[in-house]
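Report on the structure given below.
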Amino acid sequence: MLDLLPDLCDLHGDSLQVADPLFRHFGANAIFYGEAVTLSCFEDNSLVRDLVARPGHGRVMVVDGGGSVRRALLGDQLAIQAVESGWAGFIINGAVRDVGTLNTLALGVKALAACPVKTQKLGAGEEGAVLNFAGVTIAPGDFVYADLNGIAISASRLI
């Protein structure tokens with residue numbers, strides 16, 4: 001299957017939120033989906049680091065970085081750890097780095113941009129927050145579906 005979202009939108013359009021088309025695709029997996037684990041942080045990826053160390057169980061980490069593209073919230077080291085821990089992917093309202101490496105990993109990543117600058121490490125942020133960005137609201141336990149066409153959110157599992 002090369003495209004997931006068009007079919008999901010055709011079948012479940014009324015129950016889906018579709019994110020504004022602001023995101024670039026990174027990672028080797030063109031299609032990824034799973035239960036959302038939410039995190040809010042601004043230019044500090046300390047909590048991302050904590051979460052990738054936990055078993056991912058095929059979930060998708062949704063990170064609201066406030067739209068900042070001045071510092072990358074995900075890079076090669078954390079992405080490799082996420083693959084090893086079983087995360088399906090990331091939706092990042094912010095930036096990533098180490099794009100060459102990210103694009104070789106069995107992971108799906110949507111982010112606003114690439115930026116080579118690392119984040120601060122202050123431990124700031126909130127896990128389990130209800131997030132609002134790109135025209136959608138994402139709560140912990142929602143289901144995230146992403147492919148090269150975009151990102152969709154559902155309150156229930158669709159596949």
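For all residues, glycine too, the Cβ spot is worked out from N, Cα and C.
Whatever TrEMBL says is automated annotation, not expert-curated.
Predicted, not measured: the structure shown is a model, and the values here were computed from it.
Together with G75, D76, Q77, L78, TrEMBL lists one candidate of R59, R97 for binding substrate, that being R97. Cα of D76 (substrate binding site) to Cα of D98 (Mg(2+) binding site): a span of 5 Å.
Take the Cα of D98 (Mg(2+) binding site) and measure to each of the binding-site residues G75, Q77, L78: the nearest one is G75. There are 16 other Cβ atoms within 10 Å of the Cβ belonging to D76 (substrate binding site). The Cβ of L78 (substrate binding site) lies under 8 Å from the Cβ of N45, V48, R49, V52, each of these being in the same chain and 6 or more residues away along the sequence.
The substrate site is defined by G75, D76, Q77, L78, R97, and by the 8 Å test on Cβ atoms against their centroid, the other residues of the chain that qualify are A72, L74, A79, I80, V96, D98, T101, L102.
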